[in-house]
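The following feature annotations were taken from Swiss-Prot:
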- 1-29: transit peptide (TRANSIT)
- 178-346: domain 'tr-type G' (DOMAIN)
- 187-194: region 'G1' (REGION)
- 187-194, 234-237, 288-291: GTP binding site (BINDING)
- 212-216: region 'G2' (REGION)
- 234-237: region 'G3' (REGION)
- 288-291: region 'G4' (REGION)
- THR688: phosphothreonine (MOD_RES)
Amino acid sequence: MNQKLLKLENLLRFHTICRQVHSPSQRRLLAWCRHGFAPASSVWRDLLGARSWQTDMLIGSALHQHRLLVTKKEKRPPRSQLSPVKTKKEVEVWVGMTVEDLASAMAKDIDCVYEALLNTAIDVDSLEANSHLDEVWIKEVIKKAGMKLKWSKLKQERIRENKDAVRRPGTDPALLKPRSPVVTVMGHVDHGKTTLLDKLRETQVAAMEVGGITQHIGAFLVSLPSGEKITFLDTPGHAAFSAMRARGAQVTDIVVLVVAADDGVMKQTVESIQHAKDAEVPIILAINKCDKTDADPEKVKKELLAYDVVCEEYGGDVQAVHVSALTGDNLMALAEATIALAEILELKADPTGPVEGTVIESFTDKGRGPVTTAIIQRGTLRKGSILVAGKSWAKVRLIFDENGKILNEAYPSMPVGIIGWRDLPSAGDEILEVESEPRAREVIEWRKSEQKEEKGKDDLKIMEEKRREHQEAHRKAREKYGSLHWKERSYIKFLERKQQRPLKPKEKVERQSNVLPIIIKGDVDGSVEAILNLLDTYDASHECELELVHFGLGDISENDVTFAETFDGVIYGFNVEAGSAIQQSAAQKGVKIKLHKIIYHLIEDLQEELSSRLPHTLEEYPIGEASILATFTVTEGKKKIPVAGCRVQKGQLERHKKFKLIRNGQVIWKGSLTSLKHHKDDISVIKTGMDCGLSLDEEKVEFKPGDQVICYEENKVPTKTSWDPGF
């Protein structure tokens with residue numbers, strides 16, 4: 001209304017001015033101006049201004065009352081004329097909704113959702129229309145859109161369908177058929193496990209293993225003279241492969257615990273017992289090396305009582321068999337005990353329907369691609385079967401046994417090699433058969449998306465933790481600097497930045513010399529896993545940082561050499577090879593490649609490499625020892641110098657070596673001599689039995705009769721890493 005009045009007022013003023021211009025008096029003034037007889041500017045302004053002022057006064061007085069009346073009315077309009085309060089739009093959401101679902105629920109374009117998620121921790125580029133959003137991101141989008149969130153009562157029903165493959169439920173008892181037992185041989189290193197298996201199957205597996213130590217799991221089907229069959233898993237016994245032993249216990253029916261009669265219970269023996277108990281697998285005790293003269297089987301049984309392994313002789317249910325793997329004595333009794341226990345367990349499986357199994361080991365073969373060793377636990381495996389394991393799948397091209405013989409079918413309890421995997425599954429992964437390749441891809445995609453979602457949740461937790469840490473640091477900073485003057489605050493911050501200054505070149509070299517980047521390559525998945533588990537025990541980072549740059553399977557490649565060159569690292573290979581071209585390339589780039597076939601040697605080599613990165617230490621080597629018999633002072637100029645009269649007890653004192661003074665077993669001084677005399681002659685060496693006088697480079701030190709003077713030299717010696725891998 002005020003705007004309209006203002007326009008009316010301006011219009012009336014303009015109209016008044018126009019009338020004045022066209023009046024006779026005004027026309028006369030304009031004519032004078034045209035003919036050059038214009039009056040002075042002040043007179044002109046007075047004439048026109050007076051009339052304008054009078055007109056303005058008339059218009060102002062006419063409109064003043066009306067303007068006030070309108071303004072009063074506009075100040076408080078009637079309640080009925082007030083615009084209604086806008087309420088936020090309510091959006092119904094549910095757990096697990098996709099980007100497309102959220103956009104549809106908001107009645108917005110899908111780009112609005114992407115725009116709302118910009119500048120957040122979520123990777124917008126990786127989002128698709130069917131990507132599932134966590135609750136925190138759903139709330140964020142709704143908040144930025146200025147809407148109100150409402151959780152759907154049916155949100156549980158809207159969660160996406162689980163598309164994973166799972167094991168079948170219980171089987172009809174009528175379909176169950178007896179199967180061979182799967183037996184895992186466990187025990188301490190070099191207690192004779194592989195030799196025992198070698199005798200049972202009459203092969204030379206033990207001779208094929210480097211150093212007689214099994215490096216990774218072997219699965220074998222052993223046929224006994226009685227016609228019975230037993231599947232044996234031979235797991236390594238030394239500390240590096242405890243994870244592989246644990247995996248063996250997860251797929252086994254019976255554990256044969258091998259303990260040497262002369263060594264007794266060892267560290268890995270105890271670990272094997274724990275693995276069996278955790279998996280709730282019964283134990284058969286095989287006391288090996290009973291042919292030795294110092295064998296004591298009864299001592300072994302008594303030692304095992306402390307670990308709740310009670311033999312039948314002591315009222316327990318654990319069968320104990322005394323054997324000699326070297327001579328073959330009593331091995332049939334061990335096999336019969338295994339079969340007897342299997343009969344008690346009534347081991348059965350369903351050979352029909354989709355296949356179920358477990359990956360025992362996996363590796364990459366140059367000519368055949370990814371290969372797995374597996375134990376079939378249910379169903380019958382055939383060529384052409386579609387399998388999924390972990391996040392990889394296969395269309396079976398080839399099935400073979402432990403001897404390389406091609407098989408058409410594989411039944412429950414059979415150990416087989418499988419070829420046809422698209423990617424390499426991990427040892428311990430569950431094998432499941434699905435109906436088709438599209439279904440296999442669907443399962444893999446589901447598992448990858450689940451893993452990605454879990455990773456997103458973990459990342460969110462980490463971000464939240466970092467946010468809390470940042471807030472706490474900010475709060476502490478405010479408490480620290482809040483009461484200080486800005487000059488004091490600036491000075492303190494300057495000192496703190498100075499302490500965190502960039503390293504100088506020399507310091508940088510010293511810092512880098514205390515870091516060892518390494519690359520690990522192994523022949524099979526289980527071996528690499530065992531090495532990584534060993535590296536997890538590294539606890540000497542205060543001496544030298546151990547950085548794992550890369551690990552993988554297969555022979556050393558050019559990429560590995562490039563990695564090592566980039567990080568100035570060392571390549572360690574276990575049961576793999578490096579071609580001549582690779583070795584030549586590594587030599588040109590200054591990259592070390594270290595290949596080993598026994599894990600002990602690899603770890604020892606790694607310890608030596610770590611030790612080489614450590615600074616040398618100084619060790620004292622005594623040269624001679626003398627006792628102080630008397631003390632006196634000698635005047636030189638204005639100084640009085642204390643002198644000790646000594647007699648050499650051991651070795652000799654050399655003038656230019658280092659000395660230390662010991663009193664009551666405590667070192668009270670270290671340094672050099674200023675003089676060494678025999679009678680009045682300066683000499684450089686005093687031998688055993690001779691008397692001498694000596695003075696120190698520190699005059700404040702007081703001698704006392706009975707003190708010991710030690711002459712020594714310092715030598716630099718290499719420092720050994722304190723890391724103990726547990727062998």
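Cβ atoms here come from the backbone N, Cα and C positions, even for glycine.
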Is the region 'G4' (288-291) packed against any residues at least 6 beyond its ends, judged by a Cβ distance under 8 Å, and which are they?
191-192, 196, 258-262, 297, 322-327, 329-330
If I take the alpha carbons of ASN288 (GTP binding site) and THR688 (phosphothreonine), what is the distance between them in whole Å?
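It is 60 Å, counting Cα to Cα.
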Starting from the Cβ of LYS193 (GTP binding site), draw a 10 Å sphere and report how many other Cβ atoms land inside it.
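Taking all protein chains shown, LYS193 (GTP binding site) has 27 Cβ neighbours within 10 Å.
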What is the Cβ neighbour count of the residue listed as 'phosphothreonine' at a 10 Å cut-off, with all protein chains included?
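The Cβ of the residue listed as 'phosphothreonine' has 14 Cβ neighbours within 10 Å.
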Give me the mean pLDDT over the domain 'tr-type G' (178-346), rounded to a whole number.
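The predicted confidence over the domain 'tr-type G' (178-346), as a mean pLDDT, is 79.
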State the count of C-beta atoms found within 10 angstroms of the C-beta of CYS290 (GTP binding site), not counting that atom itself.
22
Report, as a single number, how many Cβ atoms besides its own are within 10 Å of the Cβ of VAL189 (GTP binding site).
19
If you measure CYS290 (GTP binding site) to THR688 (phosphothreonine) at Cα, how many Å is it?
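The Cα atom of CYS290 (GTP binding site) is 59 Å away from the Cα atom of THR688 (phosphothreonine).
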Could you give me the DSSP helix, strand and coil counts for the region 'G1' (187-194)?
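Going by DSSP assignments, the region 'G1' (187-194) contains 2 helix, 1 strand, 5 coil.
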List the helix, strand and coil residue totals of the region 'G4' (288-291) as derived from DSSP.
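Once the DSSP states are binned, the region 'G4' (288-291) shows 0 helix, 1 strand, 3 coil.
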Cα distance, GLY187 (GTP binding site) to THR688 (phosphothreonine), nearest Å?
59
Using DSSP with the three-state reduction, classify the residue listed as 'phosphothreonine' as helix, strand or coil.
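Going by the DSSP assignment, the residue listed as 'phosphothreonine' belongs to neither helix nor strand, so it counts as coil.
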For ASN288 (GTP binding site), just count the other CB atoms lying within 10 A of its CB, please.
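So the Cβ neighbour count for ASN288 (GTP binding site) comes to 28.
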